[in-house]
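What follows is one structure encoded as structure tokens, with my remarks underneath.
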């Protein structure tokens, strides 16, 4: 019932808003001027035609062909990929591909949540799925013909298949995710690593869990062998007070959780040892992922670049400041979790208890942050020239509000990363958290252009493994709705013109 409810709720806003968008903006806009004509060429059967300005593979176009054929199967059976059939590939029909994918994506989110957090309950899993479907950078591009929604959907489908131990199918979905956006090869490797970690990580069978479903509260595990406390508050907090503050199920029995009491090096040693003992099984399970990786490496060597077209504008650059921007954007997107007073106090108390080691970690992180924004902060020409993007204004008014402004933000970047690490470390092994950080870095650091939509995938992986209360989810949902209303209003009803170019321009992420 939960999946159906999620699909119906997301459809209830996705379909009417897509109709409004198509009526007010019927012509291709921004990157759509490349994607839509290319998809229409595919509809005509011209599969060898290619626009050299398109940087991503044609996965979205094949999804659109399947989408159109599913809506008009009789037409496709009679006419095939003819010029008459191509008439069905209008702007609105092609855009509706992402509407369908957004609904499917929300269902995948629900399935992943119930898989990784089975004790959460159907009601809260549904609520969390709906809130994530409202995430502004995902929500906005649901109504345009961009690759973002398809990319997210394919990667989450791959992750869900891996969680269910359907490794061959997961690798197949991973291959198609790369065929949609080539940087998804990083998430293919990450999902494979996550699968290995899940197989080899030590588990304990516990008899009782008290789960207050909030990043600020305590999770206790009582085992026949161990009593492991994870979190930042004492369990002596009264049970009734916990129920009143968070209205969520708090008692769960017979579940398995990751042991976090061991050291980081112990985790690595245990995983390496168990991987060696299980080497043939792991090789059998994950060879398909290696094949996908090998095929991608061969493609890059043949193509001479990761991107397909416009290579001069998308050269690989050491843009380490992207990691800083991502941390703050993602933490702000979940501000009720990362910037609540109790969470801030708990994070600093947790650091204080670790003593000099934690102090050194903060100093090193701050030094790395200042080093990144000073030496590896790139202002791409597109960022400086295109005032249709919100990043144009964020760069001028926030990051560079003062000649020293970019340095003032470094402590917030570092705090955000520590908060992210702490949040993920409560529910996942530290090796998994490290893999997540490396995957995020591998996706963002080579990108010279600041595009907030590039942060969507790592943000979703973060939220899928974050414990958050109903109250915080409610606040996030309200904020997301307000942001979405603002950005869509600006896009539809506040167009402007450039003196050097005809036509209306619109604000966009």
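Counting begins at 1 with the first residue displayed.
Backbone N, Cα and C define each Cβ position, glycine as well.
Automatic prediction, not curation, is the source of TrEMBL annotations.
Here's what TrEMBL has on this protein:
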TRANSMEM  59-78  transmembrane segment
TRANSMEM  99-120  transmembrane segment
TRANSMEM  140-162  transmembrane segment
TRANSMEM  282-303  transmembrane segment
TRANSMEM  323-350  transmembrane segment
TRANSMEM  362-384  transmembrane segment
TRANSMEM  404-424  transmembrane segment
TRANSMEM  431-450  transmembrane segment
TRANSMEM  470-493  transmembrane segment
Residues outside the transmembrane segment (404-424) whose C-beta sits under 8 Å from one of its C-beta atoms, at least 6 past its ends, are 215, 321, 323-325, 327-328, 330-331, 337-338, 343, 347, 350-351, 362, 365-366, 369-370, 373-374, 377, 398, 432-433, 436-437, 462, 465-467
Given 140-162, 282-303, 323-350, 362-384, 431-450, the one sharing the most C-beta pairs under 8 Å with the transmembrane segment (470-493) is 323-350
Counting only residues at least 6 beyond its ends, the same-chain positions whose CB falls under 8 A of a CB in the transmembrane segment (140-162) are 14, 17-18, 21, 28-32, 35-36, 39, 56, 59-60, 63, 91, 94-95, 97-99, 101-102, 104-105, 108-109, 111-112, 115, 169-171, 173-174, 176-177, 180-181, 184, 187-188, 191-192, 194-195, 453, 456-457, 460-461, 484, 487-488, 491, 508-509
Residues outside the transmembrane segment (282-303) whose C-beta sits under 8 Å from one of its C-beta atoms, at least 6 past its ends, are 165, 167-168, 170-172, 174-175, 178, 182, 185, 188-189, 191-192, 195-196, 199, 275
Other same-chain positions with a Cβ less than 8 Å from the transmembrane segment (362-384) and lying at least 6 residues past its termini are 313, 317-321, 323-324, 351, 391-392, 395, 406-407, 409-411, 413-414, 417-418, 448-450
